[in-house]
């Protein structure tokens, strides 16, 4: 049950027309005091509104163009391996490979005493600019050694 003061405030507020948001009742449409102004104000305000709308459309078009340019920039392009014959460049490998060190077959490289069956090299590979990551560490077979030991 609501207290009497709440009920009286609800009934008092329900009969007052809200003027903050320019709400009007259905019968009060023609009785608005702002309709007494000249017709010139309405046409000038509507032309100002039209100019504002055109300005906003222009801004929207500029933003949409920037978005399209950004999308075009982000599109993936097909990567092509270059068939260069420079030092460190192999036609079957994308990018340039730099051999840092190699282990020959039949040599124990760690303290376990186990022998390696194939020669191997530790290399860095530099990929083209449109690849990510640009640099890779690789453990590759030594291409100068054509055979492996068999156990």
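These residue numbers are counts, starting from 1, taken along the chain as shown.
From the backbone N, Cα and C atoms, a Cβ is placed for every residue, glycine too.
Looking at 53-87, 88-122, the stretch flagged in TrEMBL as coiled coil turns out to be 53-87.
This prediction places the mean pLDDT of the coiled coil (53-87) at 77.
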